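What follows is one structure encoded as structure tokens, with my remarks underneath.
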Amino acid sequence: MTDQIEIFTDGACSGNPGPGGWGAILRSGAHEKEIWGGEPHTTNNRMELLAVIRALELLKRPVVARVHTDSQYVQKGISEWIHGWKARGWKTAAKAPVKNEDLWRALDEAASRHQVQWVWVRGHAGHVENERADELARRGVDAVRRQGAAVAG
């Protein structure tokens, strides 16, 4: 039987661009793992993407995953927009380069190994796991500010 995993992710940025952080919670049954990290000069969207990428990369074998994100950019990007971007050679409908192409490619690759359902949740609306993922992302921002360099925990 294929493992089923719930993943809750969030990204945060102090300034946009500015120091940023990402956080994720991976849950399989009663087991949970928290991961987080940050970068000194980034954007909120990059941190939202990186949270999902790092969570999916942590999985050692193919799983059925439900990824919960409060980022419509991530949810719509991976489930709707990416198909057109790829068909147009990573260009938008307006023929502009896709922003964060490097991370979209990485997310596409990481997600391709799994059966993923993308779930959007309203941020800062009392969703317990989303609030926890936000705390992890803010931990990443704080660590970057203290160390002045990229971090992971």
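Quick reminder: no glycine exception, Cβ is built from N, Cα and C everywhere.
From a predicted model like this one, the values you see are computed outputs, not experimental measurements.
Taken from Swiss-Prot as is:
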BINDING   Asp10, Glu48, Asp70  Mg(2+) 1 binding site
BINDING   Asp10, Asp134  Mg(2+) 2 binding site
DOMAIN    1-142  domain 'RNase H type-1'
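A Cα-Cα distance of 10 Å separates Glu48 (Mg(2+) 1 binding site) from Asp134 (Mg(2+) 2 binding site). Asp10 (Mg(2+) 1 binding site) falls within a strand when secondary structure is assigned with DSSP. Residue counts for the domain 'RNase H type-1' (1-142) by DSSP state, with H, G and I taken as helix and E and B as strand, are 58 helix, 47 strand, 37 coil. The Cβ of Glu48 (Mg(2+) 1 binding site) has 28 neighbouring Cβ atoms from other residues within 10 Å, across all protein chains displayed. Counting only same-chain residues six or more apart in sequence, the Cβ atoms lying under 8 angstroms from the Cβ of Asp70 (Mg(2+) 1 binding site) belong to Asp10, Trp120, Val121, Arg122, Gly123, His124, His127, Asn130. Annotation for Asp134 (Mg(2+) 2 binding site): spatial neighbours Asp10, Ala12, Gly23, Gly123, His124, criterion Cβ-Cβ under 8 Å with sequence separation of six or more.
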